[in-house]
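Engineer: If you scroll down you'll find the structure; I have some questions about it.
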Amino acid sequence: PSQNAETCVTAPFVLTPAGLEGDSDLQFLLLGGKLVKVRSKSWKHGRYFKLEEDCQTFSHESKKAFKQNHTFSIDDIESVRKGRHSEGLKKYTDASVEDLCFSIIFKGRKKNLDLMAESPEDVNKWVSSLEKIINNMHNLSNQKKSEHWIFSCIRKADKNGDNMMTLKEVKHFLRQINVEVDDSYAADLFKKCDTSNSDTLEGEEIKQFYEMLTRREEIDIIYGKYAQTEGQMSDRDLLNFLLNEQREQATAEDAHRLIEKYEVDKTAKQNNCMTKDGFLMYLQQDDGCILNPAHRSVYQDMNQPLNHYYISSSHNTYLMADQLKGPSSTEAYIKALMKSCRCVELDCWDGANGEPVIYHGHTLTSKVLFKDVIKAIKDYAFKTSQYPVILSLENHCTVEQQKLMARHLVFFLGDALVKKPLGDTMPTNFPSPEALKGKFLIKGKRLNKLDSIFTNNNVIEDGTVSEEDEAAECKENSQKEKPKKSNIKLDKELSDIVIYCKSVHFNSFEHARENQAFYEMSSFKESKAFNLAETSATAFMHHNMDKLSRIYPAGSRTDSSNYNPVPMWNVGCQIVALNFQTNSKEMHLNQGRFLMNGFCGYILKPEFQRNLSSQFNPNALTEGSWLKKKIFHVMVISAQQLPKINKEKQKSIVDPLVKVEIHGVQADNASKETHHIENNGFNPMWNKKFQFDISVPELALVRFLLEDHDTASQNDFIGQYCLPLTSVQNGYRHVPVLNKRGDNISSASLFVHLMLLDAP
């Protein structure tokens, strides 16, 4: 790295994170200490934990014979929680040790690490030190992350730890960074760098070796074309690039701002110039990313009625895995809410000791207490988004336990629970997400109409209502014969807190128009919803203009698989509930749909899905405001540092290819792919051009999929990224690469050139 880089290389293989040189918290973690690992009431063992010298790997000893130390990456940590705030610590430790406990929560399905320290001071030290290094890692620029990644690979390759690399170790290093090189090329590169003729690389030679490996030919060409001022890019050259290549409405001030923000060379910065290093830095950051930076925060009108938005929604939120025997957990709710999910589902059943529980009825999935789930929801609902959360209740409880459910909701959620309509008169429409910030809405059955609140005609006792549609289907799937849809007794207290989301059975769009109030909503199983979307698309869209619709996966999806949400959004359905716990293409599309607008879980529907005069039909396009024909030009140029698929097989190198997919109205759906590159996941180049014809850009999503080519079997998944077409920036852009779970692979990226133009 250059002398002005943010990362200080204290020895060739020890990385001190930027700004943390000599930091006492960092030294504390590098030194490490003893903590008690908690796995059950009886399994509580002391283990020595420490941060490795690469400052991004954590290790602790294993007591099993011949077992290596356990390690995990700082990058794998989702959060650190102080106190007994995990299911394990609540279950296996006593409340008296609250201030000695903390948990490390991992991304994905990796089990939490529950720990105990000797004193509250130790807990504070561990938690604050870990948080500091996690934040530091998070704030590292992409270039620094790639240096981090390369240096940690060099450390692993230096088998005997002598800070020198032999040719054999160099080959091992190349395999680590996913590059297959023939022996003559490896020896050639080695010879070039071994200026001391010592048959080893050390110090500066390793740096030179690294720089030769990280050279980006394609960036050199682009930079060379625009760097017209003594071999550098002046502010005028940069402005020229922004206007002509990036198609941005940029000014001289914008060029100065980018030089100030990204240039690493002080002299160049003083001369208002951008070096090639600064240019690469710009291209790898938010300003050079495919996602429009203006869409990273809330930019849409949030004052429209609630039903005018797509709402990020989860099905059977309590499940961590499948629908038959998987674990139920409060952790699953926390993970969904932290991903900005704004509608969660609670399947409620009578539990022991009079306490209602949540689980997937008639199955072997484990049970979790209703009140524990409500507490977790209260704690995590508004950490990533301030906009309202809908609790969708599937109620199978007796009246006695329903009373307890209502009391838990009122007690734990307090003033945040909407218990009566906003305002003093009977509403005729939904309040907006803005008006409901920080609030919880209950979706469930109600004994009477909402206007009874204002006419003093309120019910004073429990009554009978028909069962939820999804509850009836769940029962149907678990019994041989089709059962009659039964009525259930409903507790008045629980009924009274259902305000804007009263569940009713769907008969027909006509019946709904004539008989249903705006707050009366139906749930549709996927087969019914897809059938309506195909046969009555415009009527379905009009239904959604003044009511909410919830779609849920078929009960037959016992593996927690998902249906395609796009056709449901195409007809304006708001609550398109998916199994968040399943890493699938459908969840990637969901993440892409909600990526913009600050990832707040609410996306304003296009105007033609909100305007009553609209005759839009996604299946048969006619003239209208929705028809904005575009040509989308995509050039897939290169990729950087793609992860190895088979980490067990040391010699496996990926053969990557890229698929570009459009998901939207039927006429726009398309997929095109590049050829595969043999044995290079480090810096493959394709330079492949594609063209897509787009009719309804406001409903289109773009998905980039990276796969490892396999002639004998199905290609393996490497990574993906999905975003709305309307959030794409033109020009030369880096595309982040996300893993199956939807988490960023920090050192990997795809480099493309994009142009969205009006069709002639």
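Every residue gets a Cβ built from N, Cα and C, even glycine.
So TrEMBL says this about it:
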type: ACT_SITE; residues: HIS315; note: active site
type: ACT_SITE; residues: HIS360; note: active site
type: BINDING; residues: 37-64, LYS443, LYS445, SER523, ARG550; note: substrate binding site
type: BINDING; residues: ASN316, GLU345, ASP347, GLU394; note: Ca(2+) 3 binding site
type: BINDING; residues: ILE653, ASP655, ASN679; note: Ca(2+) 4 binding site
type: BINDING; residues: ASP708, ASP710; note: Ca(2+) 5 binding site
type: DOMAIN; residues: 28-135; note: domain 'PH'
type: DOMAIN; residues: 145-180; note: domain 'EF-hand'
type: DOMAIN; residues: 181-216; note: domain 'EF-hand'
type: DOMAIN; residues: 494-610; note: domain 'PI-PLC Y-box'
type: DOMAIN; residues: 612-739; note: domain 'C2'
type: CARBOHYD; residues: SER196; note: O-linked glycosylation site
Engineer: Are there any residues in the same chain, six or more apart in sequence, whose C-beta is under 8 angstroms from the C-beta of GLU345 (Ca(2+) 3 binding site), and if so which?
Structural biologist: SER314, HIS315, ASN316, THR317, TYR318, SER392, GLU394, ALA577
Engineer: If you count other C-beta atoms within 10 angstroms, which of the binding-site residues GLU61, GLU394, ASP655, ASP708, ASP710 is the most crowded?
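Structural biologist: Buried the deepest by this measure is GLU394.
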Engineer: Taking every protein chain in this structure into account, which of the binding-site residues GLU53, ASP347 has the most other Cβ atoms within 10 Å of its Cβ?
Structural biologist: ASP347
Engineer: With DSSP, how much of the domain 'PI-PLC Y-box' (494-610) is helix, how much strand and how much coil, in residues?
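Structural biologist: Helix/strand/coil tally for the domain 'PI-PLC Y-box' (494-610): 50 helix, 20 strand, 47 coil.
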Engineer: Using the structure shown, find which entry in LYS41, HIS360, LYS443 (the recorded positions) has the sparsest Cβ neighbourhood within 10 Å.
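Structural biologist: Minimum Cβ neighbour count within 10 Å, taken over the recorded positions LYS41, HIS360, LYS443, occurs at LYS41.
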Engineer: How many of the residues that make up the domain 'C2' (612-739) does DSSP mark as helix, as strand and as coil?
Structural biologist: 9 helix, 60 strand, 59 coil
Engineer: Say we define neighbours as other CB atoms within 10 Å of the CB. Which of the recorded positions THR57, SER196, ASN316, ASN679 has the fewest?
Structural biologist: SER196
Engineer: Which residues does PHE49 (substrate binding site) neighbour through Cβ under 8 Å, counting only same-chain ones at least six apart?
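Structural biologist: PHE49 (substrate binding site) has long-range Cβ partners GLY32, GLY33, LYS34, LEU35, PHE58, SER59, HIS60, LEU115.
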Engineer: For the domain 'PH' (28-135), DSSP counts of helix, strand and coil?
Structural biologist: 35 helix, 38 strand, 35 coil
Engineer: Sequence gap of 6 or more, Cβ distance under 8 Å: name the residues on the same chain that satisfy this around LYS37 (substrate binding site), in order along the sequence.
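Structural biologist: Listed in sequence order: LYS44, HIS45, GLY46, ARG47, HIS60, LEU113, ASP114, LEU115.
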Engineer: Please identify, from the recorded positions HIS45, HIS315, the residue with the sparsest Cβ neighbourhood, meaning fewest other Cβ atoms within 10 angstroms.
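Structural biologist: Each of the recorded positions HIS45, HIS315 was scored; lowest Cβ tally within 10 Å is HIS45.
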Engineer: Within 10 Å of the Cβ of ILE653 (Ca(2+) 4 binding site), how many other Cβ atoms are there?
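Structural biologist: ILE653 (Ca(2+) 4 binding site) is surrounded by 23 other Cβ atoms within 10 Å.
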Engineer: Please identify, among the recorded positions ASP347, HIS360, ILE653, ASP655, ASP710, the one with the smallest Cα-Cα distance to GLU53 (substrate binding site).
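Structural biologist: Nearest candidate: ILE653.
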Engineer: Return the member of LYS41, THR57, LYS443 nearest to ASN679 (Ca(2+) 4 binding site) in space, with distance defined Cα to Cα and candidates limited to these binding-site residues.
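Structural biologist: If we rank LYS41, THR57, LYS443 by Cα distance to ASN679 (Ca(2+) 4 binding site), first place goes to THR57.
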Engineer: For the Ca(2+) 3 site (ASN316, GLU345, ASP347, GLU394), what does the 8 A shell look like? I mean other same-chain residues with CB within 8 A of the CB centroid.
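Structural biologist: Near the Ca(2+) 3 site, beyond ASN316, GLU345, ASP347, GLU394, sit HIS315, THR317, TYR318, LEU346, ILE358, HIS360, SER392, GLU470.
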